[in-house]
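*Asks:* One structure, as structure tokens, below. Some questions next.
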């Protein structure tokens with residue numbers, strides 16, 4: 001198996017958790033510009049469907065549309081914050097429920113949603 005698809009990926013990646021304001025106020029326009037810069041410099045973008053309840057993935061999709069560079073995206077799924085979700089409840093001590101959902105239906109939906117990055 002050839003590694004030619006991975007030759008342009010830098011050793012440094014961009015963790016996108018903070019794009020939607022997890023660490024404080026955020027600016028969508030600046031977030032998209034930052035993502036475009038990271039993509040154009042060959043950085044892997046790390047995200048998850050739990051970041052901003054999908055808003056992060058929307059920002060990444062906007063950034064992809066603004067550049068001809070081919071992105072490399074790593075995403076995660078399984079953590080849901082909404083009450084009433086199916087899965088294992090964890091007591092995080094953060095004051096809200098954290099649910100791990102690994103059901104076949106959730107996994108399939110998460111994969112389909114993440115594949116929508118491609119437009």
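Glycine is no exception: its Cβ is also placed from the backbone N, Cα and C atoms.
No curator has checked TrEMBL annotations; they are predicted automatically.
Not my notes, these are from TrEMBL:
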type	residues	note
DOMAIN	12-115	domain 'NADP-dependent oxidoreductase'
*Asks:* Average the pLDDT scores across the domain 'NADP-dependent oxidoreductase' (12-115) and report the rounded value.
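*Replies:* Averaged over the domain 'NADP-dependent oxidoreductase' (12-115), per-residue pLDDT gives 85.
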*Asks:* Count the residues of the domain 'NADP-dependent oxidoreductase' (12-115) that DSSP assigns to helix (H, G, I), to strand (E, B) and to coil, and report the three numbers in that order.
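*Replies:* Going by DSSP assignments, the domain 'NADP-dependent oxidoreductase' (12-115) contains 44 helix, 21 strand, 39 coil.
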